[in-house]
Amino acid sequence: MGVVRVQHETKMENQSWLKKLARRLGPGHIVNLCFIVVLLFSTLLTWREVVVLEDAYISSQRNHLENVANALDKHLQYNVDKLIFLRNGMREALVAPLDFTSLRNAVTEFEQHRDEHAWQIELNRRRTLPVNGVSDALVSEGNLLSRENESLDNEITAALEVGYLLRLAHNSSSMVEQAMYVSRAGFYVSTQPTLFTRNVPTRYYGYVTQPWFIGHSQRENRHRAVRWFTSQPEHASNTEPQVTVSVPVDSNNYWYGVLGMSIPVRTMQQFLRNAIDKNLDGEYQLYDSKLRFLTSSNPDHPTGNIFDPRELALLAQAMEHDTRGGIRMNSRYVSWERLDHFDGVLVRVHTLSEGVRGDFGSISIALTLLWALFTTMLLISWYVIRRMVSNMYVLQSSLQWQAWHDTLTRLYNRGALFEKARPLAKLCQTHQHPFSVIQVDLDHFKAINDRFGHQAGDRVLSHAAGLISSSLRAQDVAGRVGGEEFCVILPGASLTQAAEVAERIRLKLNEKEMLIAKSTTIRISASLGVSSSEETGDYDFEQLQSLADRRLYLAKQAGRNRVCASDNA
């Protein structure tokens, strides 16, 4: 029996919990939950589309940058390959010079003029380039300069041979403005002619003091590799910056000089403008290895820089980990790629306004508008359905209340009272608690109706119902079961306690006068019958009500306005 009792208590608690949950999760909450789930899923789907679109945008930016970077790299690679070819030719000429009379005469002429402040050796202006040089005294003043080598004559003839190759290799369509060989022995060969001999020393010292020459000493360039430098030109009158690619010329572990090609940044800018697609937005910028701005494809920023120091630091930090990539800076997307044949990096800057005007911007705007439209329609639908459900719920609650209550007394009607009474009686029986019933009948109610009218009778019923309700405990249930008859259910109350409640009801009804008409008051009374499961152990509500009703009539027969709690009253 103990196990059955525990199982029943657990079942009742579960049912109570489910009822509480059902009351809390009303139709309105369920509608809200459904719409929130739909809104979340639609937002997640839209967000997923945005992520895919962003990945496609980043890939597009990198592809555009890669196309321009490859084109620039190929052009620079062509110049580097020419430089390597010239160095190989120079090395061959140093080891095995051509045995031409004109070359031997050039060596003799060098010996004749080497002490002069400035000199120039020229074989054939139409076929080769002249060798321009300075005196032994001027060479001795330089730390990196020296004529103390056994192959000096071979270097002179090799320079003339390279001059021939330089003249053939140099053309106006190339990005290279000047190609030259500068020797540590005090002379140079350049595709840019020196019109006056008196300018040779100035130009030579302009060459040998440039970073692209000094940077090829054995200490600075141990691997003897091709290097790129950004510098000002050797001509004081020309202030345009330039990029120089250079390579050392060595033979038998001796450093003879440097072969170099100078590329003005304006030609690189023109190349960038020609390489990009005119239908695409975005600005291309070229930086050297130290992130110093060289040039831009945007004519509005030919010498400017749109990055502040903080942004340059962020860009440099990102470039430390990869050779290509992208980063967002405020309303700009910056992608970069290091060039293979240039010691620098090409950067593409795409602003938000440019992105909005492009294809991805149009798709993004359309996607945003669709999401906003769907969300607006969803919110409107939620509001309409929520109002409808709320109104229906209020109407349902009102109808349910009317179905369960007496509209006049606002107590439970007969059917609802019986529905409430049965489970309460069963619960009391399960826990072996007493279960009591009080039957109430107003005395002389028909006379009040006949004398003062039904309106007054209704007021009496409403007044009596209010007094009965105020006399009950929180767990007690009252209802109207007939015209002037009321029934009170007292779960857990013994017969004595129920009789006390009944007496309290009787006193409240009898001690207060009520106004039923102008200057007319009456005092009402009631007869009450009380029954309890304690008497017979019977928890059947209908039997207990019948017993209480019989005792009520005993109270009426005994003179009315009294409580009868036994058959012997």
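Just so it is clear, glycine is given a Cβ too, placed from its N, Cα and C backbone atoms.
Per Swiss-Prot, the features are as follows:
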type: TRANSMEM; residues: 25-45; note: transmembrane segment
type: TRANSMEM; residues: 365-385; note: transmembrane segment
type: DOMAIN; residues: 433-568; note: domain 'GGDEF'
type: BINDING; residues: Asp441, Glu484; note: Mg(2+) binding site
type: SITE; residues: Lys446; note: site 'Transition state stabilizer'
type: BINDING; residues: Asn449, His454, Asp458; note: substrate binding site
type: ACT_SITE; residues: Glu484; note: active site, proton acceptor
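Shown on the structure are the features that Swiss-Prot records.
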residue: Asp441; record: Mg(2+) binding site; CB count, 10 Å: 21
residue: Lys446; record: site 'Transition state stabilizer'; CB count, 10 Å: 11
residue: Asn449; record: substrate binding site; CB count, 10 Å: 17
residue: His454; record: substrate binding site; CB count, 10 Å: 10
residue: Asp458; record: substrate binding site; CB count, 10 Å: 13
residue: Glu484; record: Mg(2+) binding site; CB count, 10 Å: 20
Would you kindly give the Cα-Cα distance separating Asn449 (substrate binding site) and Glu484 (Mg(2+) binding site), rounded to the nearest Å?
11
Which residue counts does DSSP yield for the domain 'GGDEF' (433-568) in the helix, strand and coil classes, in that order?
63 helix, 37 strand, 36 coil
Positions on the same chain near the transmembrane segment (25-45), where near means CB under 8 A and six or more residues out:
371, 374-375, 378, 381-382, 385-386, 389-390, 392-393
Report, in whole Å, the straight Cα-to-Cα distance of Asp458 (substrate binding site) from Lys446 (site 'Transition state stabilizer').
12
Could you state the CA-to-CA distance between Asn449 (substrate binding site) and Asp441 (Mg(2+) binding site) to the nearest Å?
15
Asp458 (substrate binding site) versus Asp441 (Mg(2+) binding site) - Cα distance in angstrom:
15
Across the whole of the domain 'GGDEF' (433-568), what does the mean pLDDT come to? Round it, please.
91
